[in-house]
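So that you can see what the record holds, here are the features copied from Swiss-Prot:
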- His54, His56, His113, Asp137: Zn(2+) 1 binding site (BINDING)
- Asp58, His59, Asp137, His175: Zn(2+) 2 binding site (BINDING)
Amino acid sequence: MKIFRLPALSDNYIFLLHDPQRNIAAVVDPAEPEPVLTCLKKLGAELVTIFNTHHHGDHVGANRALIEHFPNLTVYGGEEDRGRIPGQEVFLKEGDRVQFGDRSGEVFFVPGHTRAHIAYYFPPQGEEETGELFCGDTIFAGGCGRLFEGTPAQMVNSLSKLRALPDNTRIWCAHEYTLNNLKFALTVEPENIDLQNRFSDVKIARSEGEATVPSLLGIEKLTNPFLRWDTQAIKSAMGSQDSVQVFGRLRGKKDNF
């Protein structure tokens, strides 16, 4: 399975999965149709699947247009997003499996950013060294999504599930927010050497127009404050020992950063 990162809108990423043997493709969270159609044309591939993580317009905006071009494709989304995702036919819940070509993925129910958010995890297969996590707006490189419909307790539970995946899991998040996320993280953990080094690397990468997605879960666990709510450094910075309260305060600070 090959993965293509397609920039869209101002800071979105659409991910196109390609099975070269069958010459079929799937897209994750298509914000707009043009990047997808251009990539499909270059590959000469047929789009058979849309995997949506949640209902927001910058994640489902191209669904209708892509269905018009490929009327036999299937749209997947969360069970609790019923009626909110255009063209949705498959309604997924925690522990369900999805198939793309010869790859089988697991569905995680990860409410927080929205009440119905899901993520798709494809574990390593064969000689591949990394698993692939398509997490929408749940984890960002260096951050996490705002809590529009969910609670801090829900998000802590959701991130706990994803944090338990192997460190070599690639994090395919849907926005290029990394530099600003790490600027905020440094206000919380200014003495974190791993974070300092990552910020320097990302600053250079972005100045040269390079993407910072995907990242690796192992790096996120060392540098992303929203995966470190239960470390003493973050607890001390937030003035609490209660994980949910710590996370809520952390998210509140980021909302106003």
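Glycine is treated like the rest: Cβ placed from N, Cα and C.
Positions of the features from Swiss-Prot, shown on the structure.
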residue: His54; record: Zn(2+) 1 binding site; CB count, 10 Å: 29
residue: His56; record: Zn(2+) 1 binding site; CB count, 10 Å: 21
residue: Asp58; record: Zn(2+) 2 binding site; CB count, 10 Å: 19
residue: His59; record: Zn(2+) 2 binding site; CB count, 10 Å: 24
residue: His113; record: Zn(2+) 1 binding site; CB count, 10 Å: 26
residue: Asp137; record: Zn(2+) 1 binding site; CB count, 10 Å: 25
residue: His175; record: Zn(2+) 2 binding site; CB count, 10 Å: 19
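Looking at His54 (Zn(2+) 1 binding site) and His175 (Zn(2+) 2 binding site), their Cα atoms lie 14 Å from each other. Taking His175 (Zn(2+) 2 binding site) as the reference point, the binding-site residues whose C-alpha atoms are within 10 Å of its C-alpha, out of His56, His113, Asp137, are Asp137. Neighbouring residues of the recorded Zn(2+) 1 site, listed in sequence order and excluding His54, His56, His113, Asp137, comprise Thr53, His55, His59, Thr114, His117, Gly136, Thr138, Gly145, Phe148, Ala174 (Cβ within 8 Å of the Cβ centroid). Those residues of the chain, other than Asp58, His59, Asp137, His175, with a C-beta within 8 angstroms of the mean position of the Zn(2+) 2 site C-beta atoms are Asn12, Asp29, Ala31, His54, His56, Gly136, Gly145, Ala174. A coil conformation is recorded for His54 (Zn(2+) 1 binding site) in the three-state DSSP classification, outside any helix or strand.
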